[in-house]
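J.: This is the structure, below, for whatever I ask next.
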Ligand SMILES: Nc1nc2c(c(=O)[nH]1)N[C@@H](CN(C=O)c1ccc(C(=O)N[C@@H](CCC(=O)O)C(=O)O)cc1)CN2
């Protein structure tokens, strides 16, 4: 058996088409939608992702002010930039590229961000909104995975979803999202982590297995239910080299699977812009 592939690009294209139309509507009433980016330090991969986001912003007709702080920046320097963007009425969304240098506190910087401008959906208030089922910006990778499943018409409601990994950016918010009472969610969700000795016992019974561990190659064919759906959400980067959680040999066992490149990643960026256009519309309504 060879699994059906579930690419992310058509999902991202659909989301970005909608964002582009909404951006044009804002511009037609004299509003320039704006997504500000903050990069701290000289990490090549992060600088590359910022360039991708700026290119995408330009294609969609967004303004994208950018602040690049040196690796030696202090926490106060970072907070000052965050506050400047918070106070700037022409800036509708802000993202702080992760990671930042080790002497800095990313969570504190995120906590200082205006929650209404939080396009990553990771501010504590927005995570709280997600936990309570209240409207707000959704964390981009979890929202991208829900959209990917819906786009490829993978039924989720009532099915057994197992998420391997409980991190704050993926496993935990994704569990909250897919358990919500909505047609594209409403699943029986189990979160298991790699510290559980017999974690394969959980993944083997998953109708939909979502790898969110950030451990390269941790998911092998024997961890997958034959014919099940496998979504590779977790990745680790060595420089710009992508090391997915899911080993490619899983394609022989799964019924459907995301490609190792061009799976969940493109949907994450699209969701960032969906959050940004929503923030711009709300700020200028
Ligand atoms: N503030 C944020 N920081 C970071 C995020 C984020 O969402 N918000 N995510 C990652 C980096 N990232 C975006 O910033 C990102 C990384 C990778 C991809 C992607 O589409 N990858 C491709 C593979 C590309 C390759 O060949 O290496 C894929 O998955 O197919 C998109 C976004 C950390 N920081």
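A Cβ is built for glycine as well, from the same backbone N, Cα and C atoms used for every other residue.
TrEMBL annotations: computationally assigned, not manually curated.
Pulled these features from TrEMBL for this protein:
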BINDING   165, 166, 167, 235  NADP(+) binding site
DOMAIN    6-120  domain 'Tetrahydrofolate dehydrogenase/cyclohydrolase catalytic'
DOMAIN    139-283  domain 'Tetrahydrofolate dehydrogenase/cyclohydrolase NAD(P)-binding'
J.: Quick one: average pLDDT across the domain 'Tetrahydrofolate dehydrogenase/cyclohydrolase NAD(P)-binding' (139-283), no decimals.
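T.: Per the prediction, mean pLDDT sits at 96 for the domain 'Tetrahydrofolate dehydrogenase/cyclohydrolase NAD(P)-binding' (139-283).
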J.: Please state how far apart, in Å and to a whole number, the two most distant Cα atoms are among 165, 166, 167, 235, the recorded NADP(+)-binding residues.
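T.: Max span of the NADP(+) binding residues, Cα based, is 14 Å.
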J.: How many other Cβ atoms sit within 10 Å of the Cβ of residue 165 (NADP(+) binding site)?
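T.: Within a 10 Å radius of the Cβ of residue 165 (NADP(+) binding site) lie 25 other Cβ atoms.
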J.: What three-state class does DSSP give residue 235 (NADP(+) binding site)?
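T.: Its secondary structure by DSSP: strand.
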